[in-house]
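Reading through the structure tokens given below for one structure.
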Ligand code: ADP
């Protein structure tokens with residue numbers, strides 16, 4: 001048996017010869033997507049499959065996240081089988097939330113499936129909840145690497161998660177349309193964007209859409225502050241201000257009602273909802289999927305486990321799951337301050 005790619009891998013990563021010896025012991029890996037879907041997950045699946053294939057590893061897909069692991073819903077993946085998916089939103093492996101996997105019985109069933117297929121290493125694409133499932137598997141000797149995939153961008157330890165950039169762009173595009181009608185009628189618009197625990201989408205959307213005010217869950221809500229910002233904007237001639245509300249910060253309908261009672265202009269409320277989850281992934285999310293997938297497989301081949309691949313500055317790196325679990329997500333309050341300055 002020859003290993004033509006092993007040489008290429010050395011060139012790619014300038015790794016020592018010893019790495020080649022490790023690579024050539026044929027491995028079987030699997031990949032699954034779990035938790036909420038995010039655009040760009042398909043690019044990550046494609047990357048994992050093609051990188052594994054590059055290193056002559058066998059790669060299996062597990063459908064419906066941990067539920068599929070319990071149900072033995074497993075399929076063989078090949079470089080060709082992940083063709084034509086890079087541009088598609090959602091996840092071709094489908095995803096699920098699976099309470100049963102949190103129980104000892106569910107976990108045991110999942111491990112039995114992995115053993116049945118000879119799966120030694122697993123790539124989990126999802127949020128920090130999904131990484132807890134991976135962490136549980138690692139306690140039983142399964143090698144696990146996580147890829148951050150959530151539109152909320154609220155996973156500690158990484159600057160970027162797959163899906164965030166697309167969600168922000170989708171919301172900004174929608175708000176640009178809303179702005180057209182807002183300016184035609186001199187209306188104030190309150191727009192609710194996704195983010196239960198995190199104001200990341202709201203802050204980026206607010207910055208990019210030129211919001212007059214942004215409400216995020218990480219900061220105390222002060223209706224008078226919103227009012228003051230709108231009045232200030234109006235004083236300098238802005239007739240159609242936009243207020244961005246993260247869903248976890250306040251109920252957009254209540255914010256709209258409050259404003260109706262305090263300002264003269266007509267107030268409309270729009271909840272963008274699940275359109276932010278769907279659609280073709282942005283170039284950035286496809287690139288992230290490519291980078292993260294390659295790195296995840298490389299880490300598995302190096303014998304690494306219990307880590308999440310991450311973007312730190314402009315570098316792809318790896319962060320231990322324990323660090324992800326221990327740290328709190330922090331809002332980018334710098335964006336908030338800048339957005340406030342630019343709104344005046
Ligand atoms: P996300 O990955 O987007 O944060 P969730 O928090 O809903 O999504 O987690 C996704 C899935 O990960 C859960 O439905 C469950 O199957 C699995 N999971 C979460 N926490 C644990 C845990 N402590 N032990 C085992 N599995 C878990």
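Cβ coordinates are placed from backbone N, Cα and C, and glycine is handled just like the others.
The following features are taken from TrEMBL:
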ACT_SITE  152  active site, proton acceptor
BINDING   36, 97, 98, 127, 128, 129, 130  ATP binding site
BINDING   46, 47, 48, 49, 50, 179, 236, 238, 239, 240  ADP binding site
BINDING   128  Mg(2+) binding site
BINDING   150, 151, 152, 187, 194, 195, 196, 247, 268, 274, 275, 276, 277  substrate binding site
DOMAIN    29-300  domain 'Phosphofructokinase'
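Checking the binding-site residues 36, 98, 194, 239 against ligand 1 with a 6 Å cutoff on the Cβ atom leaves 36, 98, in sequence order. Taking Cα separation as the measure, residue 50 (ADP binding site) is nearest to 150 of the binding-site residues 129, 150, 196, 268, 275. Rounded to a whole value, the Cα-Cα separation of residue 275 (substrate binding site) and residue 46 (ADP binding site) is 24 Å. With respect to residue 129 (ATP binding site), the closest of these binding-site residues in Cα terms is 196, chosen from 48, 194, 196. Reduced to three states, the DSSP call for residue 46 (ADP binding site) is helix.
A strand conformation is recorded for residue 268 (substrate binding site) in the three-state DSSP classification.
Among the binding-site residues 48, 196, 236, 239, 277, not one has a Cα within 10 Å of the Cα of residue 128 (ATP binding site). Shown are the binding-site residues 36, 127; of these, the residue with the fewest other Cβ atoms within 10 Å is 36. Sequence-distant neighbours of residue 97 (ATP binding site) (same chain, 6+ apart, CB under 8 A from its CB) are 34, 35, 65.
According to its DSSP assignment, residue 128 (ATP binding site) is helical. Within 10 Å of the C-beta of residue 152 (active site, proton acceptor) we count 24 further C-beta atoms, all protein chains included.
For the binding-site residues given as 46, 50, the lowest number of other CB atoms within 10 Å of the residue's CB is seen at 50. Listed binding-site residues: 196, 268. The one with the lowest count of other Cβ atoms within 10 Å of its Cβ is 196.
Across the annotated binding residues for ATP (36, 97, 98, 127, 128, 129, 130), the two most widely spaced Cα atoms sit 14 Å apart. Note on residue 150 (substrate binding site): other Cβ atoms within 10 Å of its Cβ, all shown chains, come to 25.
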